[in-house]
Amino acid sequence: MGWERGVPADYLRELVEYWRTSYDWRATEAELNRLPQFTTEIDGANIHYVHVRSPEPDATPMIITHGWPGSFVEYLDVIGPLTDPRAHGGNPEDAFHLVIPTLPGFGLSGPLREPGWSMPRVAGAWAQLMARLGYDRYVAQGGDFGSWVTVMLAGMDHEHVLGGHLNFLPTPPSDDPADMAALTEVELGRLSKLGRFATEQAGYMHIQSTRPQTLGYGLTDSPVGQLAWIVEKFKDWTDSAKVPEDAVDRDRMLTNVMLYWLTSTGASSAHFYYENAALLPIATTPPPPPPPLPTPFGIAVFQHDPGQPIRRFAERGLPNIVQWSEYDRGGHFPAMEVPDLFVGDLRAFAATIRR
């Protein structure tokens, strides 16, 4: 039995044994603790964030937002090249000061004290965070939920956001028959892929956006349940042939799971879907599209991501796309799968908007 019904038992049994006997949490903990990490209270919530200043004084500030089932662990292997390109064979002009917050209700931000943390509220919190840190002008980057937060942040804090970079931007079909008739074969393939995701892989989204609390008991009570719930996505959404480890490092994947398990945020992170149900692709009545944003955007499209955009549809909401890149490698977690491509695309985007 393959992955089409979920995580195979033989694979999960072996992974659990490795996690139990070979994965070195203490070594990983020491690695994580070497990062400068902080917490602050914003709008009543405890917000954890990584803040790595570049040694280059003129570095560009950038805030990166993860999604589900991710965390700041996604970016561990790109922090060095992004903050200190000189030490990694790059151009010092491409340096960034990095702020990587943890979404409310996720990981080290901890379970929330109250409901109501929608993506617009998160975007407002991020604007406050960057202001507190003294960053008057900055770039915003995001994937998964982080993409929507980034777009909203660019809209509400447009005086301070230099540009937005997205590695996830699903574009649903148009209601206009003329638009659909004009689509290329590649674009039709992308819509078909998005449709298959909705019918074959979006069960988790329906559950988390309707009954997150019931699911949460299993996620917070069973480490194997939490592991399986997350690992499935590292198989379905990555450039992996047979197992997730074809695309991502096994220990990195387990560390990401550990942040959910050790903090008991499997349930509270699932509630994020409930809070944002009206904004999800599966929403029965999607909200009206927001007005187009003048902010410059860069879009990175990775072939194995289930939500590949169609540019002409994307430009309706983001008319100032100054960089559009397409890659035949990588998927939903590019900073883990193809860190070289992720870093290069961000550097190129920042250089474009600096001109």
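Any Cβ shown, glycine's included, is placed from N, Cα and C.
Note: TrEMBL annotation is automatic and uncurated.
According to TrEMBL, the features are:
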ACT_SITE  D144  active site, nucleophile
ACT_SITE  Y273  active site, proton donor
ACT_SITE  H332  active site, proton acceptor
DOMAIN    2-75  domain 'Epoxide hydrolase N-terminal'
Rounded Cα distance in angstrom between D144 (active site, nucleophile) and H332 (active site, proton acceptor) is 8
State the mean pLDDT for the domain 'Epoxide hydrolase N-terminal' (2-75).
98
If you count other CB atoms within 10 A of each CB, which of Y273, H332 wins among these active-site residues?
H332
Taking 10 A as the limit, how many CB atoms besides its own sit near the CB of the residue listed as 'active site, nucleophile'?
23
Rounded inter-Cα distance in Å - H332 (active site, proton acceptor), Y273 (active site, proton donor)
18
Per DSSP, the residue listed as 'active site, proton acceptor' is which: helix, strand or coil?
coil
DSSP-derived structure type at the residue listed as 'active site, proton donor', helix or strand or else coil:
helix
On the three-state reduction of DSSP, what should I expect for D144 (active site, nucleophile)?
coil
Across the domain 'Epoxide hydrolase N-terminal' (2-75), what are the DSSP residue counts per state (helix, strand, coil)?
29 helix, 20 strand, 25 coil
